[in-house]
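Read the structure below first, then the notes.
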Amino acid sequence: MRKNIVVGNWKMNKTLQEGVFLAKELELALKERKVNCDVIICVPFTHLVAIFETINTKIVKLGAQNNADRVSGAYTGEVSAAMIASIGVQYVILGHSERRAYYGETNIILKEKVKMALENNLIPIFCIGEVLKERVAGKQNIVVRKQIEESLFDFSAEDFRKIILAYEPVWAIGTGRTATPVQVQEMHIFIRQILIDNYGQAIANETSILYGGSCNAGNAKELFINPDVDGGLIGGASLKVDTFLSIIEAF
């Protein structure tokens, strides 16, 4: 049975001190509640060690926001999957639309990043999704299929079952546009069918597919009620405990 998961992606926000305080505040709030999902926060690299040493990672699981596509070496500014894993971190976001758009990460580069993550026992939260031009042209299914096939389908079934997927329609992030629950469910069904075609029904059914397009306290419940939406990848709304809790409690 697949898990319900809510992931907070802090992006490039919060100083170290602010981040440690926020993580601890979230942990304390969750201790007082019975929630029906796993809660993960993916924080800046600079915060990982301090937060790992501060919180109970059985209550709030911890992830990074990226890892390098190389093992080690002369790659100034990069952080390897092995370095992240050595902290004790369990998860890493890969393929986020901002990494694709601003840093030129291609499907082939991302395949290498996923490979590095899996080899170091990190669980990839792998992002896929189309931009507005592709949605308007009706090409969203083609784009998403290509992202999945080129980045992920060289992995064995045993490796693939460790991966979490997150659909983020780029056109619905910070644009004032929103994907309807029907549009979201349609895409999640399509994604699951791609997995069925390649890995079979069992693995498709156990793969968590999250939604990452401006999911907030106001729309989380109507999104999460869809049978193929297994949670959310949350950006700005994860930076305030009360707001983030409202999304977590939408399950």
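Using N, Cα and C of the backbone, Cβ positions are placed for all residues, glycine too.
Quantities reported herein were computed from a predicted structural model and do not represent experimental measurements.
Swiss-Prot lists Asn9, Trp10, Lys11, Ser214, Gly235, Gly236 as substrate-binding residues, and of the candidates Gly73, Gly174 the one it assigns to that same site is Gly174. Largest Cα-Cα distance over the residues recorded as binding substrate, namely Asn9, Trp10, Lys11, Gly174, Ser214, Gly235, Gly236, equals 15 Å. Taking all protein chains in view, 27 other C-beta atoms sit within 10 angstroms of the C-beta of His96 (active site, electrophile). In the three-state DSSP assignment, the secondary structure recorded for Gly236 (substrate binding site) is helix.
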